[in-house]
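Here's the structure, in structure tokens; my notes come after.
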Amino acid sequence: MKEKLLSVEDLTIDTGVQQMILKSRDEGVKTAFDRNSEIGARCTFGELGVCCKRCLAGPCRILPGGKGPQTGVCGATADQIVARNFLEMVAQGMAPHIEHAREVALTLLETAEGKAPYEIKNPEKLINIASRLGLTVDGKEIEEVAKDVALKALESFQQQYGILPWLEMNANQKTLARWKELNIIPANAHQELTVAINRVTMGSDADPVNLLLGVMRLGITDGYAGLHLSTDLQDVLFGTPGLVKSKYRLGVIKEKMVNISVHGHIPMLADKVVEWAEKLEDEAKAVGAEGINVFGICCSANEVLMRKGIPVATNFASQEAPILTGAVEAMAVDIQCVMPSLPTVSNDYHTEVITSLPYSKIPGASHIEFTPAKADEVAQAVVRKGIANFGKRDPEKMQIPPEIVDAYAGFSTEQIVEALKNVNPEDPLKPLVDNIKAGNILGVVALVGCTNPRVKQDWANVEMAKELLKHNVMVVATGCSAHSLGKFGLLSSEGLEYCGDGLKQVLTAVGQANGMEALPSVLHMGSCVDNSRIADLVSALADYIGVEAKDLPVAGSTPEIMNPKALAIGAYFLAHGVDVHVGIMPPIGGSELVTNVLTGSKEEHELTTDGLFGGKVIYEKDPIEAAHVVIERIKQKRAELFGE
Ligand code: BF8
């Protein structure tokens, strides 16, 4: 069995994770990396998107290459099947984001009503949002304003007509007009989800192009009712991130402390766990530990890193590795990107995996049900479980990889503008725009998304970033991609060695104006819902220059995409005319039409997302090649914008 397993160097470039995979093999425990090898080659029909399971007449599948049946029983063609499957996949990616946003909105409402133990940490942002939503602010208590904003936010899931409130508040008028013409303006996120599922059911929408317009509609919904809503209200409740220094890699797990991991996405529990870990420090000392160490995995990590500087152990693909150190007492999870294998892996160690949501349980995990009202109680229970488990460690099984890397995070749009104000207080965006125009910054790329056990962990994310930096492309990052970069020094000024001269000068000048040696080579802008921050930055630049996002030399890239959520975010970028690079092909290859609409250029065909919106999907698995394709597109956009 062992000889069939891939060498750890082929699985990840994180040496700590390599060490843990070897340890897992020695101890007879399976991780995602080895399960991936066992699964082997993927089903071709599934990979191409040509398997239709929409009714009980099937499943039907179209044989590639024109051999065999070319339609399903109902007559559905490969184009129709692929487009419907893709729309459904994007809907599946959008649902978690809109549910995340709805839960945060309810938490804000309960906080405003005094029913949940959170505070309005950023009243200025709340008032700004309320004013932009057209709500009355004057003469109202902050709780009343919070209640009005929460209720307005909840309209995003209820109103039957009109425009999503957060879309109306944020969108560029010209972009909005284009979407109106295409009839893809969403009113209500729940309705969008229902309509999407309705249109892909057997016997409904069979027009592949119409279905792809539906994908863009979902992207817009995801961006405004999911990402923007979540980020805005989280900033109100937990504070807007500012510059923080922290640490990365498995070395953040501390031998002599009670180690508790937060993992998942919605920050309500994670934030409280951090708070109660500080408050219950003495109880940990009473059991012989030096204290309590909270660290993060996936996007919960991003939330508490950005706001509180909590260190990050690792990202999606190696989420089992912290358990394998034998030094983690508890792992509190909520939802999304949480592998169901965690309790199975923890069977061989003492880690207690604790689920917290009624609709997201895992057999073998403990469950403490979270509601915003019970947040303090639940967080205390999680921390106390961690403390109680400290004495259950097996010293024979303990092995913590020592590597640890410094990183900076907290680059909200507000923080970036603040930093730029120290260069030009009256006109903060001017230095950035001037440097883009002058070519010191060739363009901006958002490196976003996941790590995926199908490809060498962190490698493509890191190589893509380095190649872009070398060519003076400014890189901002979110999600697990940001974690990859953090692990390899790219979230600190150490990464400046990879930057081209122009970019290095800008990062150094802005950094020094802010009392730092230089800004980090890549700016960490947060979790996956915080892709809204990237959109805000891009919108601010577009407004400043007087153009639309689609006209700017910017792009998104997700070299190690795993979760359909990243596809929904990609559709959001695309709808704004921003190119999206993917390092793993989504299941659309079975339809030439769908592939052409999404990946074709407007010069080849008007009926492409490039022609209709101004951005396209770029598929390239080699990160160096991909960087160059993206750079070429950036140069094209520069030529059109600046007449270069
Ligand atoms: O929302 S980057 S693996 S953790 S999906 Fe998941 Fe992908 Fe990580 Fe965050 Ni985003």
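Glycine too: its Cβ is placed from the backbone N, Cα and C atoms.
Keep in mind that this is a model prediction, so the values were computed, not measured.
Positions annotated as [4Fe-4S] cluster 1 binding site by TrEMBL: CYS43, CYS51. Per TrEMBL, [4Fe-4S] cluster 2 binding site is recorded for CYS52, CYS55, CYS60, CYS74. Positions annotated as [Ni-4Fe-4S] cluster binding site by TrEMBL: HIS265, CYS299, CYS337, CYS450, CYS480, CYS528.
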Rounded Cα separation (Å) that holds between CYS450 ([Ni-4Fe-4S] cluster binding site) and CYS74 ([4Fe-4S] cluster 2 binding site)
37
Here the binding-site residues are CYS52, CYS55, CYS60, and the Cα closest to that of CYS299 ([Ni-4Fe-4S] cluster binding site) is found at CYS52
Among the binding-site residues CYS43, CYS51, the one whose Cβ has the most other Cβ atoms within 10 Å is CYS51
What remains of the binding-site residues CYS52, CYS60, CYS299 after requiring a CB under 6 angstroms from ligand 1 is CYS299
10 Å Cα neighbourhood of CYS51 ([4Fe-4S] cluster 1 binding site): matching binding-site residues from CYS74, HIS265, CYS337, CYS480, CYS528
none
[Ni-4Fe-4S] cluster site shell beyond HIS265, CYS299, CYS337, CYS450, CYS480, CYS528, criterion: Cβ within 8 Å of Cβ centroid:
CYS298, ASN302, ASN315, PHE316, GLN336, GLY479, SER527, ASN563, LYS565
Min neighbour Cβ count (10 Å) across binding-site residues CYS52, CYS55, CYS299, CYS450, CYS480 flags CYS55
Going along the chain, which residues six or more apart from HIS265 ([Ni-4Fe-4S] cluster binding site) have their CB under 8 A from its CB?
PRO96, HIS100, CYS298, CYS299, SER300, GLU303, ASP334, ILE335, GLN336, CYS337, SER527, CYS528, VAL529
Which residue among the binding-site residues CYS60, CYS74, CYS337, CYS528 has the fewest other Cβ atoms within 10 Å of its Cβ, if you could check?
CYS74
Could you give the Cα-Cα distance between CYS60 ([4Fe-4S] cluster 2 binding site) and CYS43 ([4Fe-4S] cluster 1 binding site), in whole Å?
14
Nearest to CYS480 ([Ni-4Fe-4S] cluster binding site) by Cα distance: which of the binding-site residues CYS43, CYS52, CYS55, CYS74 is it?
CYS43
For CYS52 ([4Fe-4S] cluster 2 binding site): DSSP state (helix, strand, coil)
strand
Excluding CYS52, CYS55, CYS60, CYS74, please set out which residues of the same chain place their CB within 8 Å of the center of the CB atoms of the [4Fe-4S] cluster 2 site, keeping sequence order.
LYS53, ARG54, ALA57, GLY58, PRO59, GLY72, VAL73, ALA76, ILE81, MET202
Hey, how far is CYS74 ([4Fe-4S] cluster 2 binding site) from CYS43 ([4Fe-4S] cluster 1 binding site), Cα to Cα, in Å?
23
